[in-house]
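Trainee: There's a structure below that I have some questions on.
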Amino acid sequence: MSGASNRLASLKSQLTSSTARDRLLQKNPDDIVVTCALRTAFTKGGRGLFKDTHAGDLLAGIFQGVIKTSGIDPALVEDISVGNVLAPGAGATEFRAAAIVAGFPTTTAVKATNRQCSSGLQACVDIASAISAGIIEVGIGAGVESMSNNYGPDAVSEFSELLNSVKKAKDCKVPMGVLSEQMAKDKGIARVNQDAFAAKSYQKAEAAQKAGLFKEEIWPIETSFEDPKTGEKKRVVVNADDGVRPGMTAEALAKIKPAFAKDGSIHAGNASQISDGAAAVLLMKRSTAQKLGQKIIGKFVTASVAGVDPLLMGIGPWASIPKVFEKTGLSKEDVDIFEINEAFASQCLWCANELGLDEKKINPKGGAIAFGHPLGCTGARQVSTLLTELRRTGGKIGVTSMCIGTGMGMAAVWVAEN
Amino acid sequence: MLSFRTTGFNGYAVKYSPFFDSRIACAASSNFGLVGNGRLYILNLTPQGIVAEKWFDTQDSLFDVTFSESNANQLAVASGDGSIKLFDATLNDFPIRQWREHTREVFSLSWNLVDKNIFASSSWDGNVKIWNPTAPQSLRTINIGSCTYSVAFQPSSPTVLSAVSSDGFMRVFDLRAPEPSAEIAKTRVSPGEVLTQDWNKYRPSVIATAGVDRSIRVWDLKMPSMCQTELVGHEYAVRRIAWSPHWQDVVLSASYDMSVRVWTDGSAQAGGAGPGTGRLLGVMDRHTEFCAGVDWCLFGGEGWAASTGWDEMVWVWDVGSTMGSR
């Protein structure tokens, strides 16, 4: 039977909290908290400074960043889940090796997770759930993608005759660009609106970069880079996103030719960039963080996953965000910042409009259109981008969300602390 | 106003007997129900005031009580140790039966008014259980999934019941529906924890809910997505609400703000043509600590009610005099 302290805690919550927001802001010993969230800079696939860096190396670099920044004893980290989409076997083997390189002892377990573009978030959710269930005490949810090394026609395996024989099943392998073009057409998302949304992403990212707002979340990585012009190999320190084009306007984007259909609306300027990058989130119970003297920067509340029609994968956030609101009792007004992945301006814009979200709350530092979408990394990247901005602006509650290839969406609720 | 002091025990629930117009039961707990014993009082309204006819002491706190609808002397209590105990007012000291299935605090009980052979319990363990007082085990368990503060049978149905819980939802079940869930409706009724509910005694699809967010909301299950009326005024969580058995639009509420309030949901003025504008009719402010229990008298002059709270008091009072003119 529960003791007097449980009854007292229950009574206290009945007296003190009056709204879902208040309840979320309460601090309880069994909360799953974040004590460190970092990412690498994102650089352009095939051209950027990470083009010669393997996913495992990026991961080892961001792990070292987490160990140094948080001061966590690596031996206390019991499990690491790494989101990845493109590496063979989602990179399970190389990521285990990367953890060892980074300084984790062999007692720290590692797994790879692939839920397409939400892999990085799924990795964090897996670790948070394992901590709540008492399976582990301390863990890391991470994500990494080297699209320079692993992006290509091999990314999707051939479908069998059986899978191809069912229409909805076969739809799962329709390329993202093609289906998003169709969705933009069907849902009547005009190119001019997509370009305006995309230009805004660039402008917000440029302003944030100039103001140094990414400094706190980006851990610099030293790596080798071969200059394609001179063939010269050199050591470089990568500490800034290279995809952010200064001075971008909707007018400039209007000139770019559509990529997937002659009369289409989607092009390189209003879709997410192909990029390389890694991100990691250190998670544990509040009681553990307090015992270890870890600085708490936020808490994970809960997450939702929703399935949608494979050809309408772009509506994933529209399906998953209300689901996480229902679980938490939150409404859109309670949320200070939405980090919604900009896979395509078309789908992000449609979801935001359909949910009636305040434009000012969405991706205040820009998004994947401006600085890139390393597939398996994005979900973990959003955590650092979100928590730093919430803290800077005095906001509290944030939602991260994304659409997922094959027709799904995920959303998670986070609270910034301090 | 009549009163009785439950010395050393803080009141959690009060109920009028459906058989005797002078009998009231009060479930109370020592140390504010946090730790220690419970006591079930059987009170008698006499010309000399309220007299404790009998009391039963229990090992752990008591949070709710319900009279049997089939046996005039039996009543069940909900205990903090997860047990439900059935007492007989004609006997002394010990329960005539007890059930230990819930794994955490049992917080509410509701006897079915039509099928008088069953009652329901709800618990912090996230389950609702259906019982027959003569059976050693529960008849059925319905999993809610989060701390369930209240369960209530629909007063004119042998099988329909509702549960409200800490997740902010009201779920309605029909025991005729197939296992395991039997759920026939689920509505978010509050952004916060829901602590109490009561079915309207005249309109079979109308139910009121209330809880931590301080509002009382009236729902019509024919339109479950829309709150009919919201009654705002309590300064802290609402712990118990009860519709009047005499006036179809009047509801009583007991709150941690130490007041018991009387409200109309406005449906009387609306003349049955949809929801009206609810308003506060009166405040009973004699309690000096958290109010936790309130119930209406079914007999005699309409409008008598009893309330209890953490101030170790049971008050019996005329709601009509509190309301002033309607």
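Note that Cβ sites are derived from N, Cα and C of the backbone, with glycine treated the same way.
What TrEMBL lists as active site, acyl-thioester intermediate is A:C117. According to TrEMBL, the active site, proton acceptor annotation covers A:H373, A:C403. The domain 'Thiolase N-terminal' annotation in TrEMBL covers A:32-287. Residues annotated as domain 'Thiolase C-terminal' in TrEMBL: A:295-413.
What's the neighbourhood like for these features in this structure?
Mentor: Cβ neighbours of A:C117 (active site, acyl-thioester intermediate) (same chain, under 8 Å, six or more residues apart in sequence): A:V85, A:N341, A:A343, A:H373, A:L375, A:G376, A:T378, A:G379, A:M402, A:C403, A:I404, A:G405.
A:H373 (active site, proton acceptor) carries neither a helix nor a strand DSSP state and counts as coil. Taking all protein chains in view, 27 other C-beta atoms sit within 10 angstroms of the C-beta of A:H373 (active site, proton acceptor).
Under the DSSP three-state reduction, A:C403 (active site, proton acceptor) is assigned to strand.
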Trainee: Could you give the mean pLDDT over the domain 'Thiolase C-terminal' (A:295-413), rounded to a whole number?
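Mentor: A mean pLDDT of 97 is what the predicted model shows over the domain 'Thiolase C-terminal' (A:295-413).
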Trainee: Write out how many residues of the domain 'Thiolase C-terminal' (A:295-413) are helix, how many strand and how many coil, based on DSSP.
Mentor: 56 helix, 30 strand, 33 coil
